[in-house]
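Quick look at what TrEMBL annotates:
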TRANSMEM  B:23-43  transmembrane segment
TRANSMEM  B:49-73  transmembrane segment
TRANSMEM  B:80-98  transmembrane segment
TRANSMEM  B:104-127  transmembrane segment
TRANSMEM  B:134-152  transmembrane segment
TRANSMEM  B:172-193  transmembrane segment
TRANSMEM  B:224-241  transmembrane segment
TRANSMEM  B:303-322  transmembrane segment
């Protein structure tokens with residue numbers, strides 16, 4: 001008796017979950033493709049737990065709705081294997097185009113190969129794969145770190161001690177942001193990287209790390225470069241608590257709403273704006289163009305912008 | 001019935017006491033002291049009041065989770081949903097913690113209630129089905145993560161009131177609030193485990209479930225209690241974390257369950273159930289915190305930090321099994 005009631009309970013639960021899950025795909029009845037069939041585009045996103053990715057996706061969904069495209073979104077949950085399987089399932093569904101926000105440079109590449117082999121256009125958004133897709137929409141991560149580190153160099157007059165908080169080690173964004181930062185460091189021999197460590201993109205982890213660094217380097221630290229705003233804000237919190245924020249320059253990347261607010265308040269000195277909306281909008285635009293057989297650009301690079309207190313207002317919604 | 005119960009519980013209590021003595025003799029305490037000693041010799045930055053305050057503050061979140069999972073492991077169970085509960089409760093608390101909305105008690109109570117409810121749900125499914133706790137909490141781990149994302153719409157919830165941020169960031173008489181919360185809950189948990197009937201029942205259930213059942217202990221009540229308490233403690237951890245970083249993060253706490261379980265195991269809690277102490281768990285958590293802090297002070301790469309942590313976990317269990325009296 002007990003068991004059967006539990007079974008009924010769990011079945012009901014899974015049913016409810018299923019119904020809710022099905023609600024995710026965005027549909028619109030308005031416009032249609034030339035031959036009278038509505039365009040269907042599949043999108044697989046790196047992780048819908050990441051605010052930036054959610055913003056990219058929201059714009060894709062919004063523009064898809066406006067264009068009357070049926071969008072099927074799936075979350076790869078940071079697993080390249082899952083992502084490849086999702087693309088396989090898009091191919092089986094015979095979608096008109098695929099938008100992929102790749103999990104990994106190498107491991108997500110088979111998805112591109114498979115889509116191209118099935119003659120379905122595939123557009124990479126935000127990050128790259130080693131196999132070239134039909135089109136790429138995004139920004140060059142190396143450039144964002146160059147902008148951030150250049151800001152630090154200018155602020156410190158090319159001289160001082162810097163610490164760097166890495167993203168998740170080995171991920172494309174982390175590798176490229178480190179590369180860009182080191183390129184600039186090389187140009188300023190008096191700018192010393194005294195410590196660097198991963199904060200795993202996480203605010204709490206970066207805060208603990210910064211607290212520990214403050215213990216070991218104290219006021220020797222002149223600047224912090226964090227690979228994303230979450231970690232930058234963690235560093236700001238630790239520095240503020242230690243009463244050191246006024247003496248240390250903190251710069252990070254992404255310009256998430258919290259980051260922008262901190263820049264406006266003056267606690268975060270600068271962030272680098274990576275335009276999630278533009279990336280999303282251009283991705284779906286390109287996908288529709290290819291699916292309709294219109295001319296399109298193979299590579300759409302959305303420029304980064306440095307955000308400081310002086311220009312933060314124009315980035316805030 | 002009462003007599004049968006007492007005669008059963010007596011040996012359990014004794015083996016627990018011998019265990020405490022053994023713990024004092026070797027193992028974790030010595031390891032902890034040695035590592036602290038080594039660190040203070042290597043770097044003068046380690047043994048300072050401000051650094052130690054920071055270590056304990058950083059440890060507080062993991063320790064709260066570890067206290068809860070110690071209860072659970074003593075009864076022979078496991079709770080993998082801790083990290084997700086941290087996220088859910090943090091998001092729930094943050095939702096009610098915006099300035100000029102509710103008094104600070106509301107986010108605290110809401111967060112706590114959501115944690116207790118989540119824990120009770122774990123307990124409910126575990127006691128009403130025959131599904132092992134590992135599987136049930138593996139499931140609720142995913143459910144919890146999903147709920148946190150649903151409740152927060154996948155975005156961090158920021159702009160929290162100063163009074164709420166005081167919980168994780170404030171100080172009372174120069175002592176950071178997380179440390180005060182940690183000490184209070186350590187006392188509460190140690191009292192529950194050592195001085196109450198419920199505590200004794202936990203050891204009994206974990207030591208020998210069938211015997212405990214035969215001597216009249218209601219297994220489901222004890223299990224409901226430990227999972228609910230684990231949820232409550234996870235909620236406190238979630239509230240402290242949210243307040244410390246001044247945002248409710250739906251992806252907070254990922255993997256925290258492993259650190260908490262590691263703290264309990266390093267502290268001498270046996271995964272086969274029936275043994276474990278709050279003091280051991282506290283030292284286990286402190287040890288993890290001290291090592292991570294020390295390696296950061298020495299600027300050791302996080303790659304090596306992970307290797308070191310793994311060695312310590314295995315080492316602690318090996319040490320424990322060597323000390324186990326041979327039957």
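Cβ atoms here come from the backbone N, Cα and C positions, even for glycine.
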For the transmembrane segment (B:303-322), give me same-chain residues lying six or more residues beyond its boundaries with a C-beta closer than 8 angstroms to one of its C-beta atoms, as numbers and ranges. 26-28, 31, 262, 265-268, 270, 284, 287-288, 291-292, 295
Most CB pairs under 8 Å with the transmembrane segment (B:224-241): which of B:49-73, B:80-98, B:104-127, B:134-152, B:172-193? B:104-127
Of the stretches B:49-73, B:134-152, B:172-193, which racks up the most C-beta pairs under 8 Å with the transmembrane segment (B:104-127)? B:134-152
Other same-chain positions with a Cβ less than 8 Å from the transmembrane segment (B:49-73) and lying at least 6 residues past its termini are 79, 82, 86, 119, 133, 175-176, 178-179, 181-182, 185-186, 189, 192-193, 202, 206, 226-227, 229-234, 236-237, 240-241, 244, 256-257, 259-261, 263-265, 267, 269-271, 273, 276-278, 281-282, 284-286, 288-290, 292-293, 297
